[in-house]
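Trainee: Pasting the feature list from TrEMBL:
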type: DISULFID; residues: A:Cys31-A:Cys66; note: disulfide bond
type: DISULFID; residues: A:Cys41-A:Cys55; note: disulfide bond
Amino acid sequence: MAEEDIETKIKNYKTAPFDSRFPNQNQTRNCWQNYLDFHRCQKAMTAKGGNVSVCEWYQRVYQSLCPTSWVTDWDEQRAEGTFPGKI
Amino acid sequence: MPHPVQLGLQDATSPIMEELIAFHDHAFMIVSLISFLVLYVLSSVLTTKLTNTNITDAQEMETIWTILPAIILILIALPSLRILYLTDEINNPSFTIKSIGHQWYWTYEYTDYGGLIFNSYMLPPLFLNPGDLRLLEVDNRVVLPIEAPVRMMITSQDVLHSWTIPTLGLKTDAIPGRLNQTAFTAMRPGVYYGQCSEICGANHSFMPIVAELIPLKIFEMGPVFTL
């Protein structure tokens, strides 16, 4: 699985796979972490002038897991500058 | 499928529920045998004409009725723990569907590919068709595939609710601010019902869950909207 290209991985995306960092019933952190990871990746790639499409994996995962109302709230908070996470 | 004057559990639609039913039968048999034995001993002790005023100790009997219950408890615990670990097995789900509880309806989100989001309200009695089940039917059912591991993410937008489908052996609390995961694999198609299982206000009894399980090929064809 480490040999697989990130582009192929994104293309073959079915749903958020099992993440051994979050093995239990409470998946709140899983959703939160992927949301943070996508926006950090996006910020870093944009700053370096790299290809943002490699960050798409995190976006697909958080879209699969997170309730859309949470995502909307967080997007608004980021726009306002009141987002509690560090991006 | 619940039916009138139902005494036991609903028939299983997932392998875990089959295990749970078998465990229930096993534990119920042990409990019934013990209860029957105690009732018999009690009644025979209370109705006998034999009297013996010289019994002082009964070491052997005391040993047996200490060791035997311990063994019985182990015989109950082992299958129970087996099922507990079975429910925790890592399965790679094919789909993730979110279920969000509100007062007093459920919202289902299918966001693996694109976004399909809809609400599921109970059908009021006046809106029922002939043959429909009162207090169980909804306007939009949550449609799921059979024979594929499905992951459900349950949460709530306001107060505590609980999302349950007994025939699949599922009951997961919907807690605001927390995302609970449960997974299942359904074995046969059909329409399965459940009811909100955590008190959540005036209409707690009126926010049922209806899962429509369809063959995988038809599920993959995508949503068909009916008005």
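Note that the numbers count up from 1, one per residue, in the order the chain is shown.
Using N, Cα and C of the backbone, Cβ positions are placed for all residues, glycine too.
So where do these features actually land, and what's packed around them?
Mentor: When Cβ atoms from all protein chains are considered, those within 10 Å of A:Cys31 (disulfide bond) total 25, not counting its own.
A sphere of 10 angstroms centred on the C-beta of A:Cys55 (disulfide bond) encloses 21 other C-beta atoms.
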Trainee: In Å, rounded, how far does the Cα of A:Cys41 (disulfide bond) sit from the Cα of A:Cys66 (disulfide bond)?
Mentor: 18
Trainee: Sorted by position, what residues of the same chain at least six away from A:Cys66 (disulfide bond) have a C-beta under 8 A from it?
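Mentor: Looking at Cβ-Cβ distances below 8 Å from A:Cys66 (disulfide bond), excluding near sequence neighbours, one finds A:Cys31, A:Trp32, A:Asn34, A:Tyr35.
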Trainee: Applying an 8 Å Cβ threshold (strictly under) against chain B, tell me which of the disulfide-bonded residues A:Cys31, A:Cys41, A:Cys55 fall inside, in sequence order.
Mentor: A:Cys31
